[in-house]
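For reference, TrEMBL has these:
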TRANSMEM  A:12-30  transmembrane segment
TRANSMEM  A:36-55  transmembrane segment
TRANSMEM  A:85-105  transmembrane segment
TRANSMEM  A:112-131  transmembrane segment
TRANSMEM  A:158-179  transmembrane segment
TRANSMEM  A:209-235  transmembrane segment
TRANSMEM  A:247-272  transmembrane segment
TRANSMEM  A:284-305  transmembrane segment
Amino acid sequence: MTVAGKINTLHFGILLFLLACFFILPAYHVGALSRIMVLAIYAIGLNILFGYTGLLSLGHAMFFAAGMYGLGLSIKFLGVSVIPAFGIGILSAAVLSVLVGLLALRTVGVSFMIVTLMFAQTIYLVVLYFGEYTRGDEGFVLQQAERMLLNFDVTTEAGRYFVAFGAFSICLISFAALVQSSFGKRLVAIRENEERARMLGYDVWRYKLLAVIISGTVSGVAGALYALLFGYVGATFASVQYSILPLLWVLLGGAGKTIGPLIGVAFMFYLIDASSAYTSAYMLIAGLALVILTMFAPRGIAGILQAKVWPWLP
Amino acid sequence: MLEVNDIHTGYGPVKVLYGASLKAQSSEILCLLGRNGAGKTTMMKAIMGLLPVTSGTVTLEGQELHRLPAHHVPRQGIGYIPQGRRLFKELTVDENIEIGLMTRKQSRDTRDWVLDLFPRLRERLDQQAGTLSGGEQQMLATARALCLRPKVLLLDEPTEGLQPSMIEQIRQVIVKMRDEGFAIILVEQRVDAVLSIADRVTFIENGRDVRTTDAATLKQDPSIIAQHLGV
């Protein structure tokens with residue numbers, strides 16, 4: 001089988017497995033997997049920028065929140081239905097990523113990290129400041145009636161799972177196509193050696209801006225989807241914690257690997273889930289596992305898979 | 001072909017070149033010689049638009065390069081292979097070449113041409129660039145720059161740290177490219193390595209070009225080398 005064939009088989013195999021999970025697994029895990037898939041889309045968003053282009057953003061929660069509030073506020077205050085609200089959510093994230101990209105890409109390295117962190121904090125404070133509309137930390141709930149996707153009820157377990165699954169499938173497949181395209185290779189070239197890419201005649205800045213826009217928009221898709229499927233919009237999702245989490249997921253799963261985000265989210269979700277059954281200090285166990293994994297597998301779980309089993313892993 | 005005329009440049013407040021000039025013609029290897037810190041690499045970077053040229057001009061066949069943004073310079077037909085090679089290590093040999101081809105939208109002919117120059121790379125197309133030997137990495141870096149089908153090629157110490165058999169292969173390729181009509185600017189530390197292939201030599205000293213002479217003259221009168229390099 002050709003390398004491209006192997007890659008496609010792997011991705012479709014994963015999707016088939018996720019589809020089968022709905023019919024096999026008990027309700028609790030089905031619910032957990034819906035959440036994992038939505039958060040994996042968020043991690044895919046960060047992976048495009050961090051894993052493939054080599055730009056570390058510490059403020060991705062702002063894009064997630066832009067998608068989330070774009071959808072939530074337009075449903076709540078404009079009374080629009082789900083599909084246009086979803087569009088507004090994605091558009092909000094896209095516009096924000098253009099603005100942040102234009103400004104933050106004037107910096108590099110650590111400064112880029114700090115500038116993105118700063119922008120995200122600004123967005124977080126804006127959410128709190130307009131608490132009258134956003135209800136700040138407390139957040140607001142989207143009613144079941146407001147969450148009808150045409151005639152399809154996304155508040156049921158099946159509805160939620162299949163919308164999450166559909167969105168994740170689209171994101172995973174288009175993400176895989178993107179990183180294997182010539183555009184994706186150029187991003188990797190920039191990550192590997194920015195100056196060299198420039199010396200081959202590439203407008204590095206333009207590619208980095210495109211990466212920020214794609215990455216931010218995908219993160220916004222995840223945010224809008226999260227609000228839609230779980231019916232809650234709150235400022236926690238704009239906080240710094242939600243900028244760090246996707247970074248951990250990507251690092252654990254494998255930065256710069258297509259399957260890294262899903263593995264990372266699932267691993268961390270079940271790690272916390274399992275350890276919280278034994279102790280209330282479950283974050284301590286999770287933290288320890290993270291330290292061990294980073295020490296012994298700096299390239300994440302997908303990195304181990306690539307080294308031991310699938311050298312062709314994209 | 002490529003003309004550098006009286007340029008001044010440096011790194012921020014630190015000036016490195018004070019009125020340096022050189023001229024590279026097609027089918028010719030021009031070698032830059034100078035002590036450490038004389039400004040050889042700085043000259044390369046200034047030509048490539050990586051450093052701001054505060055006065056003077058850089059022109060390729062009459063077209064001004066020093067006013068262009070850095071990523072436009074290679075598109076005009078200048079290939080630069082910096083010291084230390086610097087490949088895209090995670091990408092395969094094939095992908096590295098592909099990246100080189102895409103900028104100027106070169107065809108498969110160009111790909112075949114560079115792979116014919118370096119047959120060893122053809123055997124290793126699917127290998128990750130980071131796992132190649134030093135000499136092979138140098139070949140790939142050169143091949144990738146050639147993918148732009150440049151008219152001028154800048155090579156910064158291409159044989160540094162390589163074993164003798166590899167050095168010989170790289171030198172043969174450089175000579176072959178000269179014979180195909182390229183203008184080549186070569187920076188080398190090792191005088192013996194230079195004299196056998198260079199056509200002309202420009203000495204750089206304290207940020208200026210102090211003398212340009214035929215390589216044949218240097219071979220007859222090595223005292224000139226001692227005078228400028230102190231060896």
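Note that Cβ sites are derived from N, Cα and C of the backbone, with glycine treated the same way.
Note: the stretches the transmembrane segment (A:247-272) and the transmembrane segment (A:284-305) are in contact (3+ CB pairs below 8 A, sequence gap of 6 or more).
By the Cβ criterion (under 8 Å, sequence separation of 6 or more), the transmembrane segment (A:209-235) is not in contact with the transmembrane segment (A:12-30), since fewer than 3 such pairs are found. Simply put, out of A:36-55, A:112-131, A:158-179, A:158-179 has the most Cβ pairs sitting under 8 Å from the transmembrane segment (A:12-30). Long-range contacts of the transmembrane segment (A:36-55) within its own chain (CB-CB distance under 8 A, at least 6 residues past either end) are made by residues 18, 63-64, 112, 164-165, 167-168, 171-172, 175, 178-179, 184, 187-188, 190-192, 194, 207-208, 211-212, 214-223, 225-226, 229, 245-247, 249-250, 253-257, 260-262, 264-266, 269.
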